[in-house]
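Undergrad: Starting off with a structure, shown below.
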Amino acid sequence: MPAVPQIDPTSGAAPEVQPSIPLASTNVTPAFDPANVLVVYILGGPGSGKGTQSTHLVQDYGFKHLSAGDLLREEQDRQGSEYGQMIKDYIKDGKIVPMEVTVKLLQNAMQAELDSGKKTRFLIDGFPRKMDQAVYFEQSVCPSQCTIFLDCPEDVMLKRLLNRGKTSGRSDDNEESIKKRFRTFVETSMPVVDMFEKEDKVVKADATGSQNDVYERLVGQLAQRNIHPVK
Ligand SMILES: Nc1ncnc2c1ncn2[C@@H]1O[C@H](COP(=O)(O)OP(=O)(O)OP(=O)(O)O)[C@@H](O)[C@H]1O
Ligand SMILES: O=c1ccn([C@@H]2O[C@H](COP(=O)(O)O)[C@@H](O)[C@H]2O)c(=O)[nH]1
Ligand SMILES: [Mg+2]
């Protein structure tokens with residue numbers, strides 16, 4: 001397996017990939033072999049419960065949870081990061097940070113986990129959020145097994161996020177940023193879910209109701225995809 005490059009502090013990173021390139025037409029060998037590494041994405045609108053359900057899934061399915069948003073916030077706060085201010089501005093505005101940064105952070109985190117001989121099942125939360133990220137990651141990092149999609153109406157998500165905003169300290173848990181995030185989700189992220197849906201790779205669950213209700217639905221859906229708890 002090739003070594004995973006660090007984020008290049010001078011120039012940035014991975015080559016640009018045009019989103020229009022069809023997945024099947026390329027010959028790139030991914031960095032991680034899907035025979036040895038399981039990647040499941042968890043997507044859904046802001047506040048749909050991705051982080052919450054990830055906590056449950058990690059406990060029962062032996063996943064290593066990697067939240068793209070958390071990794072970006074860590075990078076934003078890392079002393080000396082040349083991307084800090086850019087990430088801060090993008091997050092507050094609900095925009096998608098250029099994929100070179102996010103993919104590198106994810107790839108490095110996966111490599112670190114594999115190097116330490118720990119988990120080989122990755123639950124990637126809140127990624128891919130844009131078509132270029134999806135195409136690049138699937139081709140060059142690791143093809144996913146499936147995408148969990150948490151389906152939740154905006155009024156429910158808004159209520160949850162405003163409630164979370166009372167204590168989260170997140171710069172984007174305010175009404176103005178939330179509206180922008182909803183828009184980005186519909187315009188930029190849903191096409192990714194739709195693409196995976198066409199490939200029959202989406203496990204969709206109604207994300208309304210209690211956390212436990214949602215989780216039970218997810219467990220049932222995952223079983224149908226032959227993904228089972230490890231204990
Ligand atoms: N089923 C649920 N019912 C009520 N509240 C919930 C439910 N699931 C999650 N929450 C709460 O809603 C808020 C948002 O949940 P969570 O952080 O898991 O969402 P998310 O999809 O990861 O959001 P983001 O995209 O902003 O990171 C949290 O305060 C969480 O406790
Ligand atoms: O692939 C990604 C994932 C996230 N972002 C940015 O981070 C924020 C917060 O993400 P959460 O998943 O809600 O924690 C998101 O609104 C984007 O601005 C990103 O750019 N790319
Ligand atoms: Mg989250």
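Here the Cβ of each residue, glycine as well, is placed from N, Cα and C on the backbone.
Note: TrEMBL annotation is automatic and uncurated.
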Undergrad: Looking at TrEMBL, which one out of Arg160, Arg181 binds ribonucleoside 5'-phosphate in the same site as Arg73, Lys95, Ile96, Val97, Gly126, Phe127, Pro128, Arg129, Gln133, Arg170?
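TA: According to TrEMBL, the candidate sharing the ribonucleoside 5'-phosphate site with Arg73, Lys95, Ile96, Val97, Gly126, Phe127, Pro128, Arg129, Gln133, Arg170 is Arg181.
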Undergrad: Count the Cβ atoms, other than its own, that fall within 10 Å of the Cβ of Gly49 (ATP binding site), considering every protein chain shown.
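TA: So the Cβ neighbour count for Gly49 (ATP binding site) comes to 24.
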Undergrad: Could you check which of the binding-site residues Arg73, Ile96, Gly126, Pro128, Gln133 is the closest Cα neighbour of Gly49 (ATP binding site)?
TA: Gly126
Undergrad: What does DSSP give as the helix, strand and coil breakdown of the region 'NMPbind' (67-97)?
TA: 19 helix, 1 strand, 11 coil
Undergrad: Given the binding-site residues Arg73, Gly126, Pro128, Gln133, Arg181, which one's Cα is the least distant from that of Gly51 (ATP binding site)?
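TA: Ranked by Cα distance from Gly51 (ATP binding site), first place goes to Gly126.
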Undergrad: Closest to Gly47 (ATP binding site): which of the binding-site residues Arg73, Ile96, Pro128, Gln133, Arg181, going by Cα position?
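TA: Considering only the listed binding-site residues, the nearest one is Arg181.
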